[in-house]
């Protein structure tokens, strides 16, 4: 059996489908448990359902970008392996880069060239390299220390002093401090898209305030994302 | 947090992760055993993936340490299903904004778990649709226009999210002056990035800035430059 046959083998399909069903079931159990807890904490169903609706609508567009990553990888690595890698743990950017680096590490010019060579041994190595590269955070941090990291934060937040409240908000500000400078020193299209996203969010906020369309709150992130991504096409034509 | 819920959610989180890790390593192992395609040695894996492993193992560790305090107990499902920065973290921020909650509280933690779980299920279903419809979808999704739009996913998200991050509301308090905390780290990252590009090393930058931010916040809090003003209970909760 060659690389391509193994990459599209029924066994790999079967294992991947079972794995993905497990992940989906895990998400469903998490959702059920957290939903019950939210009601117990005093949230009304309308608010909780609003959060679910908002998360669902927002997740559609980034998920399409994951599908695009899947289409790119599947041309060389077959359907099941990229399907699995993009459904668990991975990120579109990581998987594309990891597959590319593993390919070059094996001396091939590109993913397509590696698939063309049809060497079955290569497939085993690619699967392991792509997995090991990203599994460390789960294995060495989250499984042993996940509870400590989250409950420690809660303990700090609940302390009698208001310092805990300030402390916990530092983490969000860190995201701005790191990602904002990286983005504004990027290409001009990136800066324009970033500004568009901020402006659209403000405008939607104003629209909600003026019209009192509270239902629109659930869709602010999704609308901002779509409008900003569409604007990227226009900015790209204008600035490049 | 209710001890029973806390124990339960962390237990489910850990069990799910261990099963997930078993699948992640088990699938390549089963395929390698059945088709006799084991890498010839650990050395071969290290040679092939040396650059990748050197770059990503520390990054993956730093990301989990950095983002878990923001994600709370939803970190388990977030990291198991991946796509943290472009999907799960925005979902968490959005759910906190919608409900007026913050991380580090029971309410914020549980709302985050709901939003990440719903998002994970959506992504799983959309990828399944993508797999089933890959033949008709390929020409549309690989068109240059869609490629351009999707390559700007992060700035499209971040512009709006920055406003949420900078909101002075912190659950039951307004933290006046808290945004002063990030000025120095922001300038430092800006300058360092000009000299030494940080792209791909964001996890480390977050970790370093987090320590600096906490230190600055402590000084500003002690000097009473950050002022905490109590406000009414979060909206959306029936009191």
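Using N, Cα and C of the backbone, Cβ positions are placed for all residues, glycine too.
Heads up, TrEMBL stuff is auto-annotated, nobody curated it.
Feature annotation from TrEMBL assigns transmembrane segment to B:12-35 (among others). Long-range Cβ contacts of the transmembrane segment (B:12-35) within its own chain (Cβ-Cβ under 8 Å, at least 6 residues beyond either end) map to 73, 75-77, 79-80.
Look at TrEMBL and you will find B:41-61 (among others) tagged as transmembrane segment.
Taken from TrEMBL, the feature transmembrane segment applies to B:111-137 (among others).
Taking Cβ pairs closer than 8 Å, the transmembrane segment (B:149-167) reaches residues 85-86, 90, 93-94, 96-97, 179 in its own chain, all 6 or more past its ends. Marked as transmembrane segment by TrEMBL: B:149-167 (among others).
The transmembrane segment feature in TrEMBL is assigned to B:179-198 (among others).
The transmembrane segment feature in TrEMBL is assigned to B:204-221 (among others).
Within its own chain, the transmembrane segment (B:179-198) is flanked in space by residues 166, 168, 205, 209, 212-213, 216-217, 220, 225-226, which lie at least six positions past its ends and keep a Cβ under 8 Å from the stretch.
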